[in-house]
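Listed in TrEMBL for this protein:
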TRANSMEM  20-40  transmembrane segment
DOMAIN    82-292  domain 'ABC transmembrane type-1'
TRANSMEM  86-110  transmembrane segment
TRANSMEM  122-143  transmembrane segment
TRANSMEM  149-169  transmembrane segment
TRANSMEM  214-236  transmembrane segment
TRANSMEM  273-296  transmembrane segment
Amino acid sequence: MMDLKSPSKATNEDRRGRIITYSCIGIIIVLVVSILYFIASRGLATFIQNHVNVFRFLTGTQWNPSLLDSHGQPEVGALPMITTSFLVTILAAIVATPFAFAVAIYMVEIAPKRGTKLLQPVMELLVGIPSVVYGFIGLTVIVPIVRHIFGGTGVGILAGTLVLFVMILPTVTSLSVDALTAVPMYLRSASLALGATRWQTIRKVILRAAMPRLLTAIIFGMARAFGEALAVQMVIGNAALMPTSLVSPTSTLTSQLTTEVGNTVMGTIQNNALWSLALILLLMSLVFNLLVHFIGKRGEIK
């Protein structure tokens, strides 16, 4: 006779499944917290151990951790890298957004079958190309063109913007397609029934209804651009200087990290300052995520 008090096979499998699931969740939480703690502790060491003034770090324009300024503090002004990071990110988003929206409208509203068949593989191909390939193309194609047209070395914000434009285009396009697809069909039908043309419906109904999700797509693209390192490093010039023009060599937070991290020793001011740059990148990632969450909550289609 079967013991009714003993757990069944299905109950044991369910218990094991919960244990495995919770264990995986716990491991992920521990890993994330460990990473956050490590970056924060190393990044704050610049201000706690090396006694660098936070305001001078964020607003200083000289980056040479091996030297001391007139106040006896290391020259670790991060403003040039912060400024350049925001400039290339914003400019890349400005350039990519119209193209992404146009492709998304074509794929969803104009020719869904043909657009998906032709453009979806292109977007997937662009997503799969490694960053180093984008950087190499930028270095061998975009930089010479910029140098030929504007003079100088060709490296700088303009070259970085063009490379990032291509890199974030598939991200913004894919999310824009999802945003337009999520617009209820009854809004389209109602607009057309009232006599609006297809373009009037797209411009005044569909885009307005999808705008919160489209803004989210742009922010995701900006987050992608802000955190890109290798491709930007190959075309930006890697000079820790305040940008004076779109074609002058400069440096972003990520390019400065990848350029110098291999030449420093853990625990030194040079290394701690780089971890402070990484902490800024981490905080900006959190800001982008909070913006996405805020816009998503405020813009849900009722």
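Positions of Cβ are set from backbone N, Cα and C atoms, glycine also.
Automatic prediction, not curation, is the source of TrEMBL annotations.
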Spatial neighbours of the transmembrane segment (273-296) far in sequence, C-beta under 8 Å, 6+ residues away: 36, 39-40, 42-47, 52, 57, 65, 74, 76, 78, 81-82, 212-213, 215-216, 219-220, 222-223, 226-227, 253-254, 256-257, 260-261, 264
Tertiary contacts of the transmembrane segment (149-169), as residues 6+ beyond its ends and Cβ separation under 8 Å: 84, 87-89, 91-93, 95-96, 99-100, 123, 126, 131, 134-135, 137-138, 142-143, 221-222, 224-225, 228, 231-232, 235-237, 243, 245-250, 252
Distal contacts, the transmembrane segment (122-143) - CB-CB under 8 A, six or more residues away: 103, 153-155, 159-160, 162-163, 166-167, 169-171, 173-174, 228-235
